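Here's the structure, in structure tokens; my notes come after.
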């Protein structure tokens, strides 16, 4: 299993990058004994300014062949943290590669949304795509702690 986080744009040095790196390091430490691979963070830049369609091309090229494509989209399904952990465990157990995709400021092209195996929402509010990385990295770590039976996730 390979786990990719494909995100449009680059995080500059600062608190958001620090948080993403911290949560992904925590995920790696917690997930390794559970058979979860480290997250491969792919920051994709549309240098030609082609908008959502060009960003969709970059994401499609970055996704491992045959990987389950999970997109973050405001129209997607809202999962609880334990439900997300169940999905992560299922992907791990099936051995299927997974690519989590975060679009740019304008979202994801419809053709990429149509291709997705799962469209996930972090709630009904719209979030800046840079903050979505932090939130998703934290949820990956939280999912690993749920699978490990750690007290990090309290209900």
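Glycine residues also receive a Cβ, built from the backbone N, Cα and C atoms like all the rest.
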Candidate sharing the S-adenosyl-L-methionine site with 103, 122, 123, 124, 125, 126, 127 (per Swiss-Prot), from 72, 88, 140, 147:
72
Can you tell which of the binding-site residues (72, 103, 122, 124, 126) has the fewest other C-beta atoms within 10 angstroms of its C-beta?
124
Neighbourhood of residue 123 (S-adenosyl-L-methionine binding site), C-beta criterion under 8 angstroms, separation at least six:
78
Taking only same-chain residues 6+ apart in sequence, whose CB is under 8 Å from that of residue 125 (S-adenosyl-L-methionine binding site), what do you get?
74
Please list, in sequence order, the residues in the chain of residue 127 (S-adenosyl-L-methionine binding site) that are at least six apart in sequence and whose C-beta is under 8 Å away from its C-beta.
135
